[in-house]
Amino acid sequence: DTMRRVVRQSKFRHVFGQAVKNDQCYDDIRVSRVTWDSSFCAVNPRFVAIIVEASGGGAFLVLPLHKTGRIDKSYPTVCGHTGPVLDIDWCPHNDQVIASGSEDCTVMVWQIPENGLTLSLTEPVVVLEGHSKRVGIVAWHPTARNVLLSAGCDNAIIIWNVGTGEALINLDDMHVDVIYNVSWNRNGSLICTSSKDKKVRVIDPRKQEIIAEKEKTHEGARPMRAIFLADGNIFTTGFSRMSERQLALWNPKNMEEPIALHEMDTSNGVLLPFYDPDTNIIYLCGKGDSSIRYFEITDESPYVHYLNTFSSKEPQRGMGFMPKRGLDVNKCEIARFFKLHERKCEPIIMTVPRKSDLFQDDLYPDTAGPEAALEAEEWFEGKNADPLLISLKHGYIPGKNRDLKVVKKNILDNKPAANKKSDLINAPKKAADASNIQNEAKLDEILKELKSIKDTITSQDERISKLEQQMAKIAD
């Protein structure tokens, strides 16, 4: 025991953060000024999206990652909302699909052209209507295709099947106050929420029941955040009664006492946690702070280990966090942030310096890839699946994304009960249903035929290559 190391060993003790050079920033962007604690920025391996000031409605910019430098005032935006946009989230299974929630009480889902926008986009692929107040949170399901969650200031959480435009789950009686954030767990079977009533709740959305909750997770009155970690524990940030910022770790099976609770400082910006499940590192970005602090979560005391702080001069208005598959593995990059200033967006790159040029497999375990593990229907029927993992050994090569197709299932039937017109619409609905069923049957038939032809071709290919091998042998 005398040989115990005083300094805890960790390969992330020397994570090195650096802002990119000026010409690699996105300049002259008027970042939104709405007073809502979302991150205002969402990134994926193709695009960076930023909520911007817009007169007369709500808009966000979508820029291809390489489109750095000064962004022209007339650069096209995504501008279909009639009120300010409060939150945006890229679909994890399609890098050209993004969802937005707005003060106009709607959620919209957009398909971005492969090379970015050349004209402003005003037509969403689908508009999801069901909230009665502004929608401040949108979050895609991590493993099921086309499943989207939204939370509004009506204290309701709605889970949508985007492929049909339907609201399939409505949790409208679980929260008595404003919902600050919602986080899916790793396989998307549970969500956890933090709310203005100082409670953190763990909810099974399909059973529509609260399976754990903690009152006064943090005693202070300012906004909290709660996110699921890969092992099922919950990480929270909030404020103490003395307005000190705190972070805590909880086991949802026993929420009596936190596993760990740390006081940080007395700044008043809300701490936005960004979590990397592959390395178990949490990055905390305070709104209005000029630093990013990072911590490693392990299963030995004190469980939440402070690693370091990246500091800069300018305070941040918001922050985007790149998914793992968008990072440069050749430079040992383990995280990339897109920091919003008042007038620009500045990428910040976090690396673990290594001497070798070889692929560092300890830094890059297999990570969640862009393929969905489940279809929406399977998830709603009760199936669960972990993310489908990919190796980053040769870097990530984006594949072709399929277009988001929305099959409207007599959408007029799904309007909120307030519209009593639905009684008038039921008659033609049956005919439409019948033709829908016919079309689906036809489609199934065509798909089956395609599959059998493909199978035939594959088997013939194999036959040909066998015969060629035999010929080669005889010729030798």
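From the backbone N, Cα and C atoms, a Cβ is placed for every residue, glycine too.
Since the structure is predicted, the reported quantities are computational estimates derived from the model, not experimental observations.
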Coiled coil range according to TrEMBL, out of 191-218, 443-470: 443-470
Remote residues contacting the repeat 'WD' (128-170) - C-beta distance under 8 A, at least 6 residues beyond either end: 36, 38, 83, 86-93, 99-109, 176-179, 181-184, 186-188, 191, 193, 203, 205-206, 208, 368, 372-380, 384-388, 404-409, 411, 414-416
Distal contacts, the repeat 'WD' (78-120) - CB-CB under 8 A, six or more residues away: 32, 34, 36, 38, 41-47, 49, 51, 54, 57-64, 67, 126-129, 131-140, 142, 145, 148, 150, 152, 160, 162, 323, 368, 370-372, 398, 401-404
DSSP-assigned states of the repeat 'WD' (128-170) in counts, ordered helix, strand, coil: 0 helix, 25 strand, 18 coil
